[in-house]
Amino acid sequence: MHVDIGAALASVADPGVEQATLDELDERVAAAHERIEQGRDDDEFGYASLNLPEATDAETIRDAVAPVADAESVITVGIGGSALGAKTITEALAEDPDSHVVLDNVDPEHVRRTLGGLSLADTAINVVSRSGTTAETLANFLVVREAYEDRGVDWTERIVVTTGDSGPLRALADQHDLPTLPVPEGVPGRFSALSAVGLVPPAILGIDIEGLLAGGRKAADDLAPSLYDSPAYAYGAMAYTLEEAGAKVNAVMPYAERLESFGEWFAQLWAESLGKDGRGQTPARALGATDQHSQLQLYRAGYRDKVVTFVRPRERADVAIPDPDHEDLSYLAGTDLGGLIDAEYEATVASLPAADRPALEIEIDRLDAESVGELLYAMEAACVLVGELADVETFTQPAVEWGKNATRALIRGEATEETAAIDDRERLRIGETESL
Ligand SMILES: O=P(O)(O)OC[C@H]1O[C@H](O)[C@H](O)[C@@H](O)[C@@H]1O
């Protein structure tokens, strides 16, 4: 993986980072690296995530999915960290982009349509919940189960469950004697892509999960006590320093359709890990080249509160552009779509410092298992580094729990502090006929 920080230096961008600031920061990076390594050595909560490429046993996952390996597609029932890693990996690497369907929302219309469009006899079910208690996941699991029964397909023969030692999902798995894989110890969901949590669908779909882990190991080997020697830390250190300098928004813009979900995965990683103590960059999602024709206007000319993170593979399969039969299109003659998207990438990256705005670049070699594993691991390491530098509790998400508790209490009809806040919340309704 390659990171270029040049377009975010203070000499070309505002907000930007002075080279001297980075040099000073490097001592803190060294200290943070030492802390991270200590946490990894002790398998401490959260830090243990960065040991997954070594700790995950690909063979155990392959054995667990063997009974469903003939499936043509997979439906994942999970949400957040229990869905986005697998979604990112399969979108990037599966032959057939439609072969992995993720049911992470409980929008009834969406669930009904999704299940209605699947041949369930050919579809494996991957149910994932670290806690085993998440309402959306458990509810969707019950709906999926019934859909299989209604179509006369034995769901107990088509399923793999990944969950912790306790909780309702574990109890259901035991009750029906379902094949299960454990969630890794000490690893928050959003850091668990390189474990069974993220690797079951890729394994069922024949993706090289060993390659993904090898890529993770490579990124782990590339961590070093200086940001100048470590692409992951260079990215993290720049993101941190840019936030301090005013870049409160981090817009991630991959130039590859197959990395669109990477932006979604990154958003959870960044937001849940770093959105604490009144700080944390807001992740935004864009897609190159498409969003050059929409969001770029804001990125180049809006508030000076953003950095754009560009991501692209250096090599890609290509499609030749046929010779145009119009003079005005002659500039396309002899080119291909890869050449065009790369030209758009170069132009758009340069357009930001040309408007005195910062950009960061991340390049992977190509969209293969090793590069994707490397990218996911490096971004996790970058996030942990930012957490250390900002002195926040990277591995917890207390603000999310409020909504989970409130939802459960509402459904159960209980009166709690959270439901009181719902009852008492301020309203100023516009457009209603009855008087307020
Ligand atoms: O894996 P689960 O326990 O079902 O949790 C799924 C998701 O739920 C919560 O909202 C947490 O904030 C997320 O970090 C987590 O990834």
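Each Cβ is built from the backbone N, Cα and C atoms, and glycine gets one as well.
Taken straight from TrEMBL:
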ACT_SITE  Glu272  active site, proton donor
ACT_SITE  His293  active site
ACT_SITE  Lys404  active site
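Shown are the active-site residues His293, Lys404; of these, the residue with the fewest other Cβ atoms within 10 Å is His293. The 10 Å shell around the Cβ of Glu272 (active site, proton donor) contains 23 further Cβ atoms across the protein chains shown. For the pair His293 (active site) and Glu272 (active site, proton donor), the Cα-Cα distance reads 29 Å.
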